[in-house]
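Asker: Have a look at the structure that comes next, please.
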Amino acid sequence: MGGILYNSSELPTFTLTGLPGLENSQHWMFLLLGTLYIVSIVGNALILFIVKEEQSLHQPMYYFLSLLSVNDLGVSFSTLPTVLATFCFHLRKISFDSCMAQMFFIHFFSFMESGVLLVMSFDRYVAICNPLRYTTMLTDSRVVCMGLWVITRSFCMVFPLPFLLKRLSFCKANILSHAYCLHPDLIHLPCGDITVNNIFGLFIVVSTFGLDSALILFSYVLILHSVLAIASREERLKTFNTCLSHLCAVLIFYVPMVGVSMTALYGRHAPRFVHTVISLIYLFVPPMLNPVIYSIKTKEIRRRLVRMLVGTKF
């Protein structure tokens, strides 16, 4: 085989990769990623604090926003240890178990974000298409059940992945394409039959990202139909404006994901750093931009942020 053969009783280590071909710029890259981490962590922590403290935000839409912020913090903390080690300390080795744990959490939070965006789209659908039934349909208990459904579904989808990989033999150099462990990257390293892994991977992508994006699109078709039925142009814009933050969150999550998929399918001859950069955008941009978008577009959050910054009361 030309490599070292590992079986399930002798677990391999993996080598993480920074930016191929740009090794001399790794410190600058860490400064950039470090800035994104700080904005993401501070921004999402502020969202959680404001929703907790601001009584007017104790409603379903902002409970789901809090869940999105918790999820974005999870994404940031899942990648932080190995990104810090790779770009700042040049420590590129990671054990099999650590890699599996990181892969689990990265994909768990990715699937969870898709689910959170789906329940947020349902919230917007009810608020616009059935406003009189909003409080009776989205009670606190139902909001909790929807949140638990999102978490449980994500866990059940990702839980088998480490075990499906652990049963395989590894005989290659085990060099990863990123500074963190992702299932699409790891699945190319084993020497055994990966048919089951590929089929299960396709199943969870279709049943989460595929189904969620289709349902989100359907909800916006219904929302648009209701908005266009409003006679006043000013009221139409005002109503649709309540969806704008969520629509931006959907786009900044799904557009980079499509970019990652298209690069994997059709960009095999592209430089390796292109794949790395697109993957970084997918994992780093949504957690950073989500709190920024909601802070700008939500009057109550924006007002509380200003109050905190200037130290005065309105």
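Glycine is treated like the rest: Cβ placed from N, Cα and C.
Straight out of TrEMBL:
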DOMAIN    43-294  domain 'G-protein coupled receptors family 1 profile'
TRANSMEM  28-51  transmembrane segment
TRANSMEM  63-84  transmembrane segment
TRANSMEM  104-122  transmembrane segment
TRANSMEM  143-165  transmembrane segment
TRANSMEM  199-223  transmembrane segment
TRANSMEM  244-267  transmembrane segment
TRANSMEM  273-294  transmembrane segment
Asker: Counting only CB pairs under 8 A, let me know which of 28-51, 63-84, 104-122, 143-165 has the most with the transmembrane segment (244-267).
Answerer: 104-122
Asker: Hey, does the transmembrane segment (28-51) touch the transmembrane segment (104-122), meaning at least 3 C-beta pairs closer than 8 angstroms, sequence gap 6 or more?
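Answerer: Not in contact, no.
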Asker: Please figure out which one of 63-84, 143-165, 199-223, 273-294 racks up the most CB pairs under 8 Å against the transmembrane segment (28-51).
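Answerer: By Cβ pairs under 8 Å, 63-84 leads among 63-84, 143-165, 199-223, 273-294.
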Asker: In this predicted model, what is the average pLDDT of the domain 'G-protein coupled receptors family 1 profile' (43-294)?
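Answerer: Taking every residue of the domain 'G-protein coupled receptors family 1 profile' (43-294) together, the mean pLDDT is 90.
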